[in-house]
């Protein structure tokens, strides 16, 4: 996921730090040292990450737009000027703007805020922003929570004792709370020095920027792979005591299925699957950035000569038009597939399904899927002209039924008019009349629209009084009976008000023959 590094360049960051030796350091130098360490790590282990650099004091400035060139980011660190007072709110507004312009509101993003814990003074300070948080309108809302999925990591160029001597730590913790609790505050353990700054940024790297390495297995074939971006733990909301589910480092392929059968399923996240080549000594090659082009070319040549199952799988899925179902954990599956990046380039991707025994209803339970050879006859037909999917559900789903929709008044009016039209054609339309009447009755009970039942009952009684002398005698009996049944249902308390109860035609001497047909 993209990263925005937000660097504090206010005057408070120029405060000197007493470090052993003759060279004098400022807090901004310690911050730049820590960020250099972070950028070097990402250049080696997280080089697909897009990163932007923002500096701020009372205003904010985008120093480096989203890039994968970490040399540019490191150069920008040495070219930062010093400005005036701290205004964290303006920096957070800037982060919102640049992320939404580049990635929209759906892509998760990590924000690394580097500051010394000084909150600013007067209007625009973090204290003032938090104090007026509940008094704002929609036009000038506080930028947290971010309008996109995010994690906010605050790197403080101060130790815990210094922050606790004021209310700085409480205010910074409030920022994490406002971001829905997504994020963490890091402080320097012990005195301010380069070693302790490295230790603090090392904790951030371990938490958020450690590459996810796994072993992809299919039978006796295996391949070491990196999954990018790193899969996040998934929490099932329905559980009473939810425990985050983490995918296994052993990704075992359990089967293959046609792309047409799996279609475009709902997924939690999508990830690149990159092969990690190993030389004879067991060291990784081809995954990092080397300083010398010749060394890099020779490493790539070595990696290209070693057979790799990941490459074989990618090519096979692309040619055969299939996807591989992969086991991520207990009752948790995903799929591996080839996705075209351009006309000539494609990538091996992995999508994660929701945990559960039946993540895709049209495939049924994953444990019940098996090879074609186990079937008595080929489920795809001899000419590959049919498919066993989608499985037909035992119970009709709600969207497969003729549901009653009364979003607009015209829908309700149409249903009532249909009943009245059939009422005027009784007894010939007895079956249709009661079918439409019961449909309206069930919908009214489901919506709690009991007044509608009484209103339709009054209409039917009125229709009964307007029957011509030439009308069949059975029509009056049926209308009166239907009106009485609706009035009983409109009370909501009688046995006739049950949802599953149906109004049946009244048995009369005139309707005997028609009742038998019904």
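Using N, Cα and C of the backbone, Cβ positions are placed for all residues, glycine too.
Predicted, not measured: the structure shown is a model, and the values here were computed from it.
Per Swiss-Prot, the candidate among 67, 72, 86, 115 that belongs to the Mg(2+) site alongside 10, 12 is 86. Those same-chain residues not listed among 10, 12, 86 yet with C-beta within 8 angstroms of the centroid of the Mg(2+) site C-beta atoms are 8, 11, 13, 57, 84, 85, 115, 116, 118, 120. Ranked by Cβ neighbours within 10 A across all protein chains shown, the binding-site residues 10, 12, 86 are led by 86.
Residue 418 (N6-acetyllysine) has its Cα within 10 Å of the Cα of none of the binding-site residues 10, 12, 86.
Predicted-model confidence for the domain 'VWFA' (2-204) is 88, expressed as mean pLDDT. Under DSSP, residue 418 (N6-acetyllysine) is assigned to a helix (H, G or I) in the three-state scheme.
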